[in-house]
Amino acid sequence: MLLSAPLRHLPGLLLLLWPLLLLPSLAAPGRLARASVRRLGTRVPGGSPGHLSALATSTRAPYSGGRGAGVCKSRPLDLVFIIDSSRSVRPLEFTKVKTFVSRIIDTLDIGATDTRVAVVNYASTVKIEFQLNTYSDKQALKQAVARITPLSTGTMSGLAIQTAMEEAFTVEAGARGPMSNIPKVAIIVTDGRPQDQVNEVAARARASGIELYAVGVDRADMESLKMMASKPLEEHVFYVETYGVIEKLSARFQETFCALDQCMLGTHQCQHVCVSDGDGKHHCECSQGYTLNADGKTCSAIDKCALSTHGCEQICVNDRNGSYHCECYGGYALNADRRTCAALDKCASGTHGCQHICVNDGAGSHHCECFEGYTLNADKKTCSVRNKCALGTHGCQHICVSDGAVAYHCDCFPGYTLNDDKKTCSDIEEARSLISIEDACGCGATLAFQEKVSSHLQKLNTKLDNILKKLKVTEYGQVHR
């Protein structure tokens, strides 16, 4: 009787003390985050002292910057959530689980060619809320998650995994085949000990290619979580103390499913161009005019001239940027097509350098000539006047007088006069003696005149013979000079 009064008031007392019991979960964000992770040396429900949560032991580089950073793109997945909705999960806590699922969906690229999502709800029975091919729109998918209701009693985790493997991860249900290389991922969330065997069925699921993540809450059995999860366990087993902080795990899964864009991060090591292939993969390419080396990263300029496809008629010249250009031999100019060449007519262009006459020899060549009466100098361009008097071929008996480039005339020594042939000369006195003062009609005068003419003709022949001899000597000298 003495104890009955205090016991009658115990429910009311618990209601008054309930907010105080929740104080650790209402602590500052930093403390709250720390409370969600079991540390070394602390007891984990269902486990042994010394267990360390996956969140505390992850060796991956922390993801920073969120999806807005532009370097993270979720990998395409076939993702199935297996959520415990047994009686131990209160309605408010089940809402937290749905919020956790929705936040993970927010970090994913949802679509027929991206990530597909299904939800398996379980307690003592199993219900597939929707299949992988049911929704391809993120907003519709989240609304479907929000409409899920708890099933009530029991925790048949093994049956839930088997149902997911046999009914959710099928091609008919929307799972993509092995040739697609799309990962199959299942995340099971539970707060209790399984009421059936999970070890064997989880092993079969993993052997079929399903990657299993196990998330334990509050009273979850850690050994069962380890049996269900894929290895390494430190990356696939998670534990939080309350459903109130489970949504914080969404950031951890965002990091897990994130494919970092190495091209945007600048860690690709491509010499020229980095091309993202999705799923965190990339390949290197080269700028135009370059080819990728065997290392798959560096580039070398393509020797297009060596390929014999350059089209240059005469000379191909490689440029530094991997391109090329055509050139021509001396005496040729590049045509408008920038490939073929045409012979330069230097005579027509006025660039020949000839003083008198330029003669085009074709093929871009030419030579110089001189006007008549001129001779080409040693430089093969300029001309000098040719002196015919100096050549000795003028034919003048006495004196040759040059009148320019090609002309000349003969002259006589003093006391001589130029004959009608304009080359030979006659003594003036002898010419006068030929004139007779006798009677021209007399026989004696006529005879005397004939004798004098014969004498002069003989002398003239003698002189002509001498001139011919001199000419022969001169010609011989010219030939053998």
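From the backbone N, Cα and C atoms, a Cβ is placed for every residue, glycine too.
Feature annotation from Swiss-Prot assigns coiled coil to 451-475.
Within 10 Å of the C-beta atom of Cys274 (disulfide bond) sit 20 other C-beta atoms, taking all shown protein chains into account. Summarising the annotation, Swiss-Prot assigns disulfide bond to Cys263-Cys274 (among others).
The disulfide bond annotation in Swiss-Prot covers Cys270-Cys284 (among others). If you take the C-beta of Cys284 (disulfide bond) and look for same-chain residues 6 or more apart in sequence within under 8 angstroms, you find His268, Gln269, Cys270, Gln271, His272, Val273, Cys274, Val275, Leu292, Gly296, Lys297. In the three-state DSSP scheme, Cys284 (disulfide bond) is classed as strand.
The disulfide bond annotation in Swiss-Prot covers Cys286-Cys299 (among others). Spatially close to Cys286 (disulfide bond) yet at least six residues away along the chain are Gln271, His272, Val273, Leu292, Cys299, judged by Cβ distances under 8 angstroms.
Listed in sequence order, Cys312, Cys316, Val317, Asn318, Tyr324 are the same-chain residues six or more apart from Cys305 (disulfide bond) with CB atoms under 8 A from its CB. Marked as disulfide bond by Swiss-Prot: Cys305-Cys316 (among others).
Taking Cβ-Cβ distances under 8 Å and a sequence gap of 6 or more within the same chain, the neighbours of Cys326 (disulfide bond) are His310, Gly311, Cys312, Glu313, Gln314, Ile315, Cys316, Val317, Leu334, Arg338, Arg339. Feature annotation from Swiss-Prot assigns disulfide bond to Cys312-Cys326 (among others); the stated evidence is sequence analysis.
Under the heading disulfide bond, Swiss-Prot lists Cys328-Cys341 (among others), citing sequence analysis as support. Packing around Cys341 (disulfide bond) is summarised by its Cβ count: 19 other Cβ atoms lie within 10 angstroms of its Cβ, all protein chains included.
According to Swiss-Prot, the feature disulfide bond maps to Cys347-Cys358 (among others). In sequence order, Cys354, Cys358, Val359, Asn360, His366 are the residues of the chain that are 6 or more apart from Cys347 (disulfide bond) and have a CB within less than 8 Å of its CB.
All protein chains considered, the CB of Cys354 (disulfide bond) has 20 other CB atoms within 10 Å. As annotated by Swiss-Prot, disulfide bond applies to Cys354-Cys368 (among others), with the evidence given as sequence analysis.
The disulfide bond annotation in Swiss-Prot covers Cys370-Cys383 (among others) and is backed by sequence analysis. Around the Cβ of Cys370 (disulfide bond), a 10 Å sphere holds 20 further Cβ atoms from the protein chains shown.
Reduced to three states, the DSSP call for Cys389 (disulfide bond) is helix. Counting every protein chain shown, 16 other Cβ atoms lie within 10 Å of the Cβ of Cys389 (disulfide bond). Here Swiss-Prot flags Cys389-Cys400 (among others) as disulfide bond, drawing on sequence analysis.
Summarising the environment of Cys396 (disulfide bond), the number of other Cβ atoms within 10 Å of its Cβ, over all protein chains shown, is 20. Swiss-Prot lists Cys396-Cys410 (among others) with the feature disulfide bond, giving sequence analysis as the kind of evidence.
As annotated by Swiss-Prot, disulfide bond applies to Cys412-Cys425 (among others). In the three-state DSSP scheme, Cys412 (disulfide bond) falls into the coil class. Sequence-distant neighbours of Cys412 (disulfide bond) (same chain, six or more apart, CB under 8 Å from its CB) are Gln397, His398, Ile399, Leu418, Cys425, listed in sequence order.
Feature annotation from Swiss-Prot assigns domain 'VWFA' to 78-253.
According to Swiss-Prot, the feature domain 'EGF-like 2' maps to 301-342.
Here the domain 'EGF-like 3' (343-384) returns a mean pLDDT of 84 for the predicted model. Taken from Swiss-Prot, the feature domain 'EGF-like 3' covers 343-384.
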Item to check | Cys389 (disulfide bond) versus recorded positions Arg193, Cys341, Cys368, Cys370 - nearest by Cα | outcome: Cys370
Item to check | Rounded distance in angstrom between the Cα atoms of Cys370 (disulfide bond) and Cys400 (disulfide bond) | outcome: 24
Checklist entry - What are the helix, strand and coil residue counts for the domain 'EGF-like 2' (301-342) according to DSSP? => result 0 helix, 14 strand, 28 coil
Checklist entry - Looking at the disulfide-bonded residues Cys263, Cys368, Cys410, whose Cα is closest in space to that of Cys400 (disulfide bond)? => result Cys410
